[in-house]
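What TrEMBL says about this one:
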- 38-178: domain 'Peptidase S54 rhomboid' (DOMAIN)
- 6-23: transmembrane segment (TRANSMEM)
- 44-66: transmembrane segment (TRANSMEM)
- 78-100: transmembrane segment (TRANSMEM)
- 107-127: transmembrane segment (TRANSMEM)
């Protein structure tokens, strides 16, 4: 799903930038085009193409990084999540446009591109991905998630219309998380449809499984380090107990202490002291 969204966005954006430049007006929409001219088809076409190169580059990075949720949910549930949150975000955009029209607020064309797919993913990213502190800048903690938030703010802070679209998408992600009106089960791709796409388009977009299954597979860097630490600890214990002379000399604690000093984990000094005191 991630590969499909990326390929569609990049290819369509470059096509409208160079050979199909004169058709760009069909991929934007305003309140007048929706409510007065009733061109509802623009709600779909405007979500297919990034007309701004900056938004294309930043959103491509975010879509590629958020592929961790496709690994967690599975492709069918992940696609259902994108469809349901995109549908909710579009409805909220229409509601905001209608209110702005009643208040006679000047709103130009809303930003193009699948922003309704990108910003809802910040909700599970905030709640489900652990926060690992890396350093501090002027007393402000900097984590591994800070750069991702900065990219999202870069897109949302461009114009007032971008902030409106980002806010509607984030609210849509929150509504999906609390299962508002049973959206998690109402908008769900059937299993038969998923199998059809798996046998057709899935053959082109499928990724090969990793050859080395012993590599750390955690979703975050901290989980990968912890998995690697556990694996090295198991190997060290196995090698230690395989050596009878090492056990006879009662030097198990010293061997593990050397191992812990080499790994250098924040919690290892405490574990090391306990093992040395109780070999």
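Including glycine, each Cβ sits where the backbone N, Cα and C put it.
Heads up, TrEMBL stuff is auto-annotated, nobody curated it.
Under 8 Å from some Cβ of the transmembrane segment (44-66) lie the Cβ atoms of residues 2, 5-6, 8-10, 12-13, 16-17, 24, 26-29, 86, 90, 110-118, 121, 125, 148, 151-152, 154-155, 158, all in the same chain and six or more residues away from its ends. Distant neighbours of the transmembrane segment (78-100): 1, 5, 31, 34-35, 43, 47, 69-70, 107, 110, 114-117, 119-120, 164-165, 168-169, 171-173, 175-176, 183-184, 186-189, 194; these residues of the same chain sit at least 6 beyond its ends, with a Cβ under 8 Å from one of its Cβ atoms. Sequence-distant contacts of the transmembrane segment (6-23) (same chain, at least 6 residues past either end, Cβ-Cβ under 8 Å): 48-51, 53, 56, 59-60, 63-64, 113-114, 205.
Computed over the domain 'Peptidase S54 rhomboid' (38-178), the whole-number mean pLDDT of the model equals 90. Taken residue by residue, the domain 'Peptidase S54 rhomboid' (38-178) breaks down under DSSP into 95 helix, 9 strand, 37 coil.
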